[in-house]
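Participant: Pulled these features from Swiss-Prot for this protein:
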- K160: active site, schiff-base intermediate with DNA (ACT_SITE)
- D191: active site (ACT_SITE)
- Q35, S62, W73, F164, P189, D238, W242: 8-oxoguanine binding site (BINDING)
- 134-203: region 'Helix-hairpin-helix' (REGION)
Amino acid sequence: MAQRVRWERVERVAEAFSRLSIGEVLGFEEQVDPQYKLVSRLAGEIGAGKAALSALLVGLASYRLAMRGEEWWLCFYRHMRSSLPRAEGLRGVLRAVEGFLTSCSGAAIGREAKLRRVRRAASAAEVLGEVLDNPLVLVERPSEVLEALRVALGEKGFRKTTVFSVKIAYYAVRPLAGRKPLTLDVPIPVDVRVACASISSEMVEAPSYREVVARPEAAQRAWGRVARSSGIPVLHIDSILWVTGWAPRELPPGEAREAVAGILSRALDRGKAVLLASELVRRPCPGG
């Protein structure tokens, strides 16, 4: 079965997102997203430069994890808060990241491949050094950081982990940047949670979320339209989907809708949360 975008559903989801201001979405990340909390806390403890660079490099290896994403970033925080204060320069941060990937059980699947990927990225030394010394580059010129990583890694397009790495590093810098949003014009990184939201919202017809992860183009077109229509940058839409996208896969639709509304209500107006949940969860997310 070929995937199909249902544009009428895309417009309904976009309308629900358009009820939110960018300030509300940033506030949601700050209050609810465990990734933001851990990375920004690390930046406050050891400095934005080291926190941003280490998050950037670890983000590149954040695939095929042997633990949930929330546990992975907690493992990152605990390791880096003890190892980064002693790290000196780019080489020191790289060694700290290698130590994390070697010791954290979440990296057990393909550990050597993860280490090789991070070491290849280190060839973009000029840009990585700028992230360390002037981390605001992640807000002021994020596309340059992303392009340097792409070239260093030999990627023709942008892998989802490469885009994600810039986003997670940006979290370390945002408090310094006056809560400026990340406006990278890139396709949304489609992981399991985004794939499930694409199906459960009925924006994308597909046999399973695995099919959407393997062939993400339809989902990326749909979420790109949602971002343009709502005015919410796609990587901030991604934050909401990352926190809520597990529910349609693990719960029946009615329970999943309630769970998503409850999560959104932690930081958003209840009426807006219920409306958005009603558009995001309309059917189960099949695994295939």
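Along the chain as shown, residues are numbered 1 onward.
Cβ atoms here come from the backbone N, Cα and C positions, even for glycine.
Thinking about packing and proximity, how do these listed features fit into the structure?
Facilitator: Under a cutoff of 8 A between CB atoms, and with a sequence separation of 6+ in the same chain, the neighbours of K160 (active site, schiff-base intermediate with DNA) are Y63, P189, V190, D191, P216.
Using a 10 Å radius centred on the Cβ of D191 (active site) and all shown protein chains, the other Cβ atoms total 22.
In sequence order, K167, I188, P189, V194, W223 make up the list of same-chain residues 6 or more apart from D238 (8-oxoguanine binding site) whose Cβ falls under 8 Å from its Cβ.
Here the region 'Helix-hairpin-helix' (134-203) has a mean pLDDT of 95 out of 100.
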Participant: What is the maximum Cα to Cα distance, in Å and rounded to a whole number, among the residues Q35, S62, W73, F164, P189, D238, W242 annotated as binding 8-oxoguanine?
Facilitator: 18
Participant: Please classify the secondary structure at K160 (active site, schiff-base intermediate with DNA) using three-state DSSP.
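Facilitator: In the DSSP reduction, K160 (active site, schiff-base intermediate with DNA) maps to helix.
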Participant: Based on Cβ atoms within 10 Å, give me the single least packed residue among the binding-site residues Q35, S62.
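Facilitator: Counting other Cβ atoms within 10 Å of each of the binding-site residues Q35, S62 gives the minimum at S62.
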Participant: From the DSSP assignment alone, can you count helix, strand and coil residues within the region 'Helix-hairpin-helix' (134-203)?
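Facilitator: Each residue of the region 'Helix-hairpin-helix' (134-203) counted once, the result is 43 helix, 0 strand, 27 coil.
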Participant: Sorted by position, what residues of the same chain at least six away from W73 (8-oxoguanine binding site) have a C-beta under 8 A from it?
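Facilitator: P34, Q35, L38, V39 - these are the non-local Cβ neighbours of W73 (8-oxoguanine binding site), listed in sequence order.
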Participant: Other residues with Cβ within 8 Å of the Cβ centroid of Q35, S62, W73, F164, P189, D238, W242 at the 8-oxoguanine site?
Facilitator: G59, G69, K167, I168, D191
